[in-house]
Amino acid sequence: MSTVGFDAPARLGTVLTAMVTPFAADGSLDTAAAARLANHLVDSGCDGLVVSGTTGESPTTTDDEKRELLRVVLEAVGDRARVIAGAGTYDTAHSVRLAKACAAEGAHGLLVVTPYYSKPPQRGLIAHFTAVADATELPVLLYDIPGRSVVPIESSTIRALASHPNIVGVKDAKADLHAGGQIIAETGLAYYSGDDALNLPWLAMGATGFISVISHVAANQLRELLSAFTSGDIATARKINATVTPLCDAMARLGGVTMSKAGLRLQGIDVGDPRLPQVPATPEQIEALTADMRAASVLR
């Protein structure tokens, strides 16, 4: 495929949740809760879900669990939402195997994070992303998050990778709006905001949508924000963006996994606790999160 004529909203979605992975009390994968959560998120306004990403605690799940989770979510909502599978690790060969496994399960696309910890050079990033993109026919989103991976995907590297027929976009958590806007204009790559605090600015730069964490508890608000922006009602988009700001503050304090699982529980949706080394919210953190969610009008 090519970015020329690639319909990212239809093929990948516009308001996607980087979905948490539900675990049972014994720490095992809770597939029933995963199906319920997927349906809840789509019912709330998401047209796409990302499974086994950062917020999905992918470093703590086995390949078999990743496949099972993907299968369950596809069965639950795959006929009415795009399901994107996280397939990135710091091992290229492992990432290729994961990509092929996700394609075999029927994923609609792949999210491939920058190899973390090992700090490869840009030449290594090009080779890594190319190998994963070559492994299947699925559309691939690069995931640029130097706050976790240390190494950024430099603009020149993204431009080079944009020529690959399967690489169609970027999830940006680097916050370089200027560079991202230039790349969107030059390459036609679909950009997705990977930082909820910058959702509205990214739309202004030409982004397709969001791969969001706060959408676990505010999917409808983000859908309304996007709709307002695309219809030209910038004042309403700004108002909605300001309303959900307390959720971004909560995520910054607690981290995406802990905030999302605690927030869902406050809304009556139990997805279990995180796996170590992530930990559940403390009573004090839950009290503060409750106040933030009420301020954002997502909790009574």
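Positions of Cβ are set from backbone N, Cα and C atoms, glycine also.
As recorded in Swiss-Prot, the features of this protein are as follows:
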type: SITE; residues: T54; note: site 'Part of a proton relay during catalysis'
type: BINDING; residues: T55, I211; note: pyruvate binding site
type: SITE; residues: Y117; note: site 'Part of a proton relay during catalysis'
type: ACT_SITE; residues: Y143; note: active site, proton donor/acceptor
type: ACT_SITE; residues: K171; note: active site, schiff-base intermediate with substrate
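What Swiss-Prot annotates, mapped onto the structure for a quick look.
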{"residue": "T54", "record": "site 'Part of a proton relay during catalysis'", "DSSP (3 states)": "coil"}
{"residue": "Y117", "record": "site 'Part of a proton relay during catalysis'", "DSSP (3 states)": "coil"}
{"residue": "Y143", "record": "active site, proton donor/acceptor", "DSSP (3 states)": "strand"}
{"residue": "K171", "record": "active site, schiff-base intermediate with substrate", "DSSP (3 states)": "strand"}
{"residue": "I211", "record": "pyruvate binding site", "DSSP (3 states)": "strand"}
Between I211 (pyruvate binding site) and Y143 (active site, proton donor/acceptor), what is the CA-CA distance rounded to a whole number of Å?
10
If one looks at the chain holding T54 (site 'Part of a proton relay during catalysis'), which residues at least 6 apart in sequence have a CB under 8 angstroms from its CB?
A18, G86, V113, I145, R148, G256
Which of these recorded positions has the least crowded Cβ, counting other Cβ atoms within 10 Å: Y117, Y143?
Y117
Just give me the nearest neighbour of the residue listed as 'active site, schiff-base intermediate with substrate' among the recorded positions T55, Y117, Y143, Cα to Cα.
Y143
Cα distance, Y117 (site 'Part of a proton relay during catalysis') to T55 (pyruvate binding site), nearest Å?
18
Tell me the Cβ neighbour count for the residue listed as 'active site, schiff-base intermediate with substrate', meaning other Cβ atoms within 10 Å of its Cβ, over all protein chains shown.
26
Which whole-number value in Å describes the distance between the Cα atoms of Y117 (site 'Part of a proton relay during catalysis') and Y143 (active site, proton donor/acceptor)?
15
